[in-house]
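J.: The compositional bias 'Basic and acidic residues' annotation in TrEMBL covers 219-244, 293-304, 493-502. Summarising the annotation, TrEMBL assigns compositional bias 'Acidic residues' to 245-258, 265-276, 283-292. Taken from TrEMBL, the feature disulfide bond covers Cys103-Cys138. The region 'Disordered' feature in TrEMBL is assigned to 212-310, 489-533. Summarising the annotation, TrEMBL assigns signal peptide to 1-21. Feature annotation from TrEMBL assigns transmembrane segment to 459-480.
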Amino acid sequence: MAGGRALLLLLVSALLVQIRASEPLLYESFDEDFEGSWIVSKKDDYQGVWKHAKSDGHEDYGLLVSEKARKYAIIKELDQPVTLKDGTVVLQFEVRLQNGLECGGAYIKYIRPQDAGWDAKEFDNETPYTIMFGPDKCGSTNKVHFILKHKNPKTGKYVEHHLKFPPSVPYDKLSHVYTAILKPDNEVRILIDGEEKKKANFLSADDFEPALIPSKTIPDPDDKKPEDWDERAKIPDPDATKPDDWDEDAPMEIEDEDATKPEGWLDDEPEEIDDPEAAKPEDWDDEEDGEWEAPKIDNPKCEEAPGCGEWKRPMKQNPAYKGKWHAPLIDNPSYKGIWKPQEIPNPEYFELDKPDFDPIAAIGIEIWTMQDGILFDNILIADDEKVATSILEKTWKPKYDVEKEKEKAEEAAANADGLSEFQKKVFDVLYKIADVPFLAPYKTKIIDVIEKGEKQPNITIGILISVVVVFVTVLFRILFGGKKPVAPVKPTVEAKKPKVTETDGAGSSGDKDEKEDEKEETAAPRRRSRRET
């Protein structure tokens, strides 16, 4: 009898454990209005209005960023702090950038316990957090952040540790789910829409910057390089002299005296002629627009001839050219190597078996964005990956499938004017190229070119070639050296600018610039200005 009772208690305990394991530690679906459970910051900087709104095309509600160019801050305090030290913890939430994201954040801050007397209405960018996670895009920044604030036990100071080479933000207006899985073996995995995009180890210096565990030694800040320290590995040979027959003034190229003018060369024909089909516009005003001149076209007579215009002898390499003379380099007998200060013990060094995570006492959204239409939904904290996957499948997947089908239908209807499926794949690859770490100095320029190409699908191939040329050039210089900077990437198209008249109107400068860009890309000039010769 006693044994049966013990078995029953064991089964009940196992069932309770199973029920608990199947429940999230926190789940916010926004099925109900957020007022009452979430607290909007009362700080003056945060004027953005949060709304309880439906996701476009769905009956599902979320927390909406409703205005452009505003700062937003809202926080929800947990009933009990969530510890991150013992087992698996899953941080997951859904974001839909309904109007895209040109410049702004859509991340969540997982707030650590605050000092006594702290008021949630004071939540702002200075409020200490444990983890910051989620998408952020502006200028050269395009990443899904994962930042851990960790306390150095030696100094007592908190240090921000950023995940190296995080995944990029998806470039569309669909719903996406961002998941961070923290494992007890120090592993962290970043998933987008349930697909793993990044795996890292909290204690690896290769995965976080700066590393959680400081180096054992540091360069001695008081050590100074001796004045007679010679770091030159090679020096000009002091005994070398310029040869008597070395002509520094000889040009690199000279005319080819053996060249002769090709037979049939049309000396009296210009390379370009006025377009005979062009006509002066009826509304052309000579006083306002200047004397009208017909546009030029290639002279058709030159197409069949070897050339037109004044013939000149071609240039060839000068066999006498030697350039500026320099003494040859020899090994420096005084060379001592590159000087480095001596290493001393790092006073901030400590050993660590696993991160000393602070608990999560609240979740907050504190962002500054130029876009509206950012919708947060299905915010989850769980200690079971299956729970997170189950909620993703039930809440996000059906919406995403509907949005994806709608997107495909819109593409099919507008593929004549918009991006084809092939072009979208090309641009997806180009964005990934832009995220390659060694291209970081050129990332802003590359992304600018790619985004311009998305607005002008007819130059897709030109954009592809431009970005690939930059990629290969930088890679070549990394492998083989070189000091010349890479030239800025430019699309192989010239935008014709219309004549713009000054108007008075409301709207942000960003809106105005965007509209002007659209005009430049789609409008043809009404009048042709004088051709520069």
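Cβ coordinates come from backbone N, Cα and C, glycine included.
Bear in mind that TrEMBL entries carry predicted annotations, made automatically and left uncurated.
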J.: Going by DSSP, how much of the compositional bias 'Acidic residues' (283-292) is helix, how much is strand and how much is coil, in residues?
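T.: Per DSSP, the residues of the compositional bias 'Acidic residues' (283-292) fall into 4 helix, 0 strand, 6 coil.
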J.: List, in sequence order, the same-chain residues at least six positions removed whose CB sits under 8 Å from that of Cys103 (disulfide bond)?
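T.: Within the chain, Cys103 (disulfide bond) has Cβ neighbours under 8 Å at Lys137, Cys138, Gly139, Thr369, Met370, Gln371.
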J.: Using DSSP, tally how many residues of the compositional bias 'Basic and acidic residues' (293-304) sit in helix, strand and coil.
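T.: In the compositional bias 'Basic and acidic residues' (293-304), the DSSP-based counts are 5 helix, 3 strand, 4 coil.
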